[in-house]
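**Student:** What follows is a structure written as structure tokens; I'll ask about it next.
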Amino acid sequence: MSSSGTLQVKCPIHRLTAETVGTFDKEWFRTQVTVLAAKVPAHKAGLLMQAPALRKTLLDLPQIKRVIPCEDGSRLVLLRVTEKAALLPEAVTLFEQENIELSEHTLDLDYNFWTVEDIFQAVLPEDLLEGAPAGFATVGHISHLNLNDEYLPYKYIIGQVILDKLPTIRTVVNKLDNIDNKFRVFEMEVLAGENNFVVEQSESSCTFRFDFSQVYWNSRLHTEHARLVDTFKPEDVVADVFAGVGPFAVPAGKRGVAVLANDLNPKSYEYMVGNIKHNKVTELVRAYNEDGREFIRVAARRLLDEPLPPYKPHKSIRELKAERRSRNQQPSQLNPQVPSLPPRNKIDHFVMNLPDTAIEFLDAFRGILSSERIGGRDPTGVYRKEPSSMPMVHCYCFTRELEFDKAEEDIRQRVEKAMGAPLEGEVSLHAVRRVAPKKDMYCISFRLPVGVAFATT
Ligand SMILES: C[S@@+](CC[C@H](N)C(=O)[O-])C[C@H]1O[C@@H](n2cnc3c(N)ncnc32)[C@H](O)[C@@H]1O
């Protein structure tokens, strides 16, 4: 427990094998450690805890109280040394000056004291220590793991330890397959805890409720969702082609952005509708449940037919009160004609987060503003035939090109091929994250080329 008198606590080791895994016992982790303690009258304990000379000498073990009451009314202030010889000179001086007596105190440590990592390092076979699960991904009350085959014999112990140790976790699951199905959902096995996958998760000051086993959700995309939403102006309209349960659409709606949000998975749609209601953005966010290609084709026409409400600048309570006061002072202007903004009928952004195949959907943009698609109308009053009036497309994708320049070339080529036209003007590429050792996720943002939007279909 100590090296040269300085306290070091070590979790008792009990290595398991695939055969002995059923013998796991929480009692294995009981141990005792004896430390030095300063015995002082009760009124002096607080002073000692504040003393600069003891800053590096007081016990600092998580969950362990540093001041222990004694039967005679005095207090033991615990130190992080096991022998007097290990005390720092300034601590020795203080104890001598104040005539403080040192004694020993034994701490009982048990299973509850050790961290998840401590327990894994104590029970897993030596050859599994390096890659042992750590830094657990969570969504709502679920901790989700992706265990490699060699950890599978220990999966229930791993699940139980995480459940025991992480206070907000009520379910631990292991994802069973790779995410290559149509709706990007994982099959999962419950390792410990409740068989309940319906979670509540906060992101960007919004609350999302969904069944983690039936819809796509990735908490690692939090910053990417926030990044893109921040680029929208509150008066914009966004069409989210693969919206999931709404992590772009709902926070955008909260900022005043009007949104058409679509997902083909009926469960994603159902939960997205709930999230729109729960986060009070029903006026601004409309949900659809159709194939992304069809959604892209009809989105512009839909918005011309049924525009979304105009942007209402957010007013603070103080501004609203000041407005009311000034109206009261000017009776002649009781109902002033505030110029209202027109309803929103033009799409400013398309968001396409289905990185595996989103690029393949880009052909659907051909002719979205053609008179055939727009129902024989002339859309040029809304979308001028010039690049700056075209919607931006934010298309997520993967590439195996790991250098930025090569990734850019690869992605641009695939986008242009799918759309059947070169990109014009505004194009930017944002590296989102590395998803596998040789696979990166990017977001390419570009103006829809005029020729593509107005192409005859
Ligand atoms: C990678 S998830 C992204 C979800 C959400 N936008 C996010 O950022 O978390 C892709 C979504 O596309 C949906 N999806 C898959 N194929 C689709 C299609 N053909 N049309 C529309 N949605 C589709 C899936 O159900 C899933 O919710």
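Note that Cβ sites are derived from N, Cα and C of the backbone, with glycine treated the same way.
The model shown is predicted, which means the values in this text are computed figures rather than measured ones.
Found this in TrEMBL, in case it helps:
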- 136-450: domain 'SAM-dependent methyltransferase TRM5/TYW2-type' (DOMAIN)
- HIS225, ASP263, LEU264, ASP291, GLY292, ASN353: S-adenosyl-L-methionine binding site (BINDING)
- 322-343: region 'Disordered' (REGION)
- 328-338: compositional bias 'Polar residues' (COMPBIAS)
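Could you give the neighbours, burial and distances for every feature on this list?
**Tutor:** DSSP classifies GLY292 (S-adenosyl-L-methionine binding site) as helix under the three-state reduction. Within the same chain, the residues at least 6 positions away from GLY292 (S-adenosyl-L-methionine binding site) whose Cβ sits under 8 Å from its Cβ are VAL241, PHE242, ASN262, LEU264, MET352, LEU354, PHE361, ALA364, listed in sequence order.
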**Student:** In which DSSP state, out of helix, strand and coil, do we find HIS225 (S-adenosyl-L-methionine binding site)?
**Tutor:** helix
**Student:** Per residue, counting other C-beta atoms within 10 angstroms of the C-beta, which of the binding-site residues ASP263, ASP291 reaches the highest number?
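**Tutor:** In terms of Cβ crowding, the pick is ASP263.
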**Student:** On average, what pLDDT score does this prediction assign to the domain 'SAM-dependent methyltransferase TRM5/TYW2-type' (136-450)?
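**Tutor:** Value for the domain 'SAM-dependent methyltransferase TRM5/TYW2-type' (136-450), mean pLDDT as a whole number: 93.
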